[in-house]
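**Q** Just passing along the structure, written as structure tokens.
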Amino acid sequence: MVRMDLSRIRNFSIIAHVDHGKSTLADRILELTHAVSDREMREQFLDSLELERERGITIKASAVRVRYRAKDGEEYVFHLIDTPGHVDFTYEVSRALAAVEGVLLVVDASQGVEAETLAKFYMALEHGHVIIPVINKIDLPNARPLEVALEVEEVLGLPADEAIFASGKTGEGVEEILEAIVQRIPPPKGDPEAPLKALIFDSVYDAYQGVIPYLRLFEGRVRPGDRIRIYSTGKEFTVDKVGVFTPQGLVATEALEAGEVGWLVAAIRDIHDVQVGDTLTLADRPTPSPYPGFRPAKPVVFAGLYPVDSGEYGKLRDALEKLKLNDAALTFEPESSTALGFGFRCGFLGLLHAEIVQERLEREFGLSLIATAPSVVYKVRLKSGEEVEVHNPADLPDPTRIEEILEPYVKLTIFTPEEYVGSLMQLLQEKRGRLVNMNYLPGAQKRVELVYEAPFAEILYDFHDRLKSVSRGYASMDYEQIGYRPGDLVKVNVLVHGEVVDALTFIAHREKAYTMARAIVDKLAEVIPRQLFEVPIQAAIGGKIIARATVKALRKDVLAKCYGGDVTRKKKLLEKQKEGKKRLKAIGKVEVPQEAFLAVLSAGRDEPKG
């Protein structure tokens, strides 16, 4: 077997803000290293999910191995690990970054440094990586590469003269990037003879071969026939195949050694056995310590998912199980609702993650779903001294037992052109944000960095859309969790015809509860079909009704058959109708149609503007 020379390996990642051209740049690198023939080339080659290509974003980390003959005449092996750019997938990025020695930090020459660029930059710094700044999209008419290079130096402290100007579209500067990877990024360290120590940075599920973990080997080697052990669970498996990634797919090899990036098949059936971020070692010669700094991904946003047709409950469970195989961050547990029947309470990393999971369930598994309003995890301190977590607003304990309710807060970093600062500050004030810092950036563009602290629940719903509309799309944001703080929060129940509809219950700040409740009852009154009796729709905090709307009754024209004639006859018919309605009202049940839930999700969450 040919030993890989470690000094000829370069492991690197590309990090960027959404839309700064990361995937296009990866495409050019594949082309220039002749890894992909022109015939096979397609846009966003590494984004394998149909949804990724359609939305133009990278959701899962993906790896590829290419060979490059450098100007010094030597042939190098590059392992490129592509990372997601969206803030929801920060944990995926941190794992991908742990598997490499250097990163290309891609910044759009027309946009400059954005909020997520900064967040990813700090992660790469924490790992102690070599960072090569790449100013991309220099072919754009409004590109200002020199200014952006100076901004990178000012904001991130990376010397402007080290920046490489490139265009993923035309291919200009890409050769220079490849040379910089060889020159600046250090080769991996590691001893192939030491006990095996491999980091799992991603995994995919294959119907025939089970779970295929993606590995970066730090020490030792692994080959078919080896007995491996998963560090955190202690489970053991026998390796069937090992191999590397090529752009055309997975290719089996004889062995994987320290410094390499690859995959293995070992008939692993359960995704929970190989948690991403876990360490893999040999059963008979385990490594003394696992790879540090990993935690299981923890969901921060919860929503109920229910099948429109209750007969598809089993199908939904199987679909969620399958998605979880590729998505360690997704959690779900069964829940039932009087209004929606049986479904699941699902946990996500953020709103985009929730949206993508729902879209994949509908697309790949052909399900029709209803999602309840997303909510954050509240902590409740009870008078008895214990603390409970509340994932579903309907589960909030009785107010008489509650000492205080704590809500999660986030630190927001926002980059915006100067002229939008006023309207953004107004938006953040409305969202109960508190200004921590404000920093004017150098350059002719006059951009400002705003740092705020705000309740997570406030920025969960429509904040991103409103941030974009207030700033005409120029502002960008990134957030991180900063812990829990007490808040003046109340649970609002929505009653239709005197019955609480659990799926519409929400937790809100006391000051905002009234406006949100008003919007919800008005919207419900529009979408609930009229009955033969009038239907009151109310919102209540405890026993106090704070908003009400009424669906007016339908009336049959009982006088149609009376021509002229005696007025007492007409009165008798009308009285009879009234009596009948009274009886109906007492025993009548109102079905809340599915559209009503969807309508409320859009209504109740957009607070009235103005």
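Just so you know, glycine gets a Cβ as well, placed from its N, Cα and C.
Swiss-Prot feature annotations, pasted as is:
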type	residues	note
BINDING	ASP19, HIS20, GLY21, LYS22, SER23, THR24, ASN136, LYS137, ILE138, ASP139	GTP binding site
DOMAIN	7-189	domain 'tr-type G'
**Q** In this structure, which of the binding-site residues SER23, ASN136 has the fewest other Cβ atoms within 10 Å of its Cβ?
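**A** Least crowded of the binding-site residues SER23, ASN136, by Cβ count within 10 Å, is SER23.
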**Q** Return one of helix, strand or coil for SER23 (GTP binding site), based on DSSP.
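**A** Its secondary structure by DSSP: helix.
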**Q** Need the DSSP three-state call for ILE138 (GTP binding site) to compare against my parser.
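**A** In three-state terms, ILE138 (GTP binding site) counts as coil.
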**Q** Mean pLDDT for the domain 'tr-type G' (7-189), rounded to an integer?
**A** 73
**Q** Just jot down the residues in the same chain as ILE138 (GTP binding site), at least 6 apart in sequence, with C-beta under 8 A of its C-beta; none if empty.
**A** ALA109, PRO145, PHE165, ALA166, SER167, GLU172, GLY173
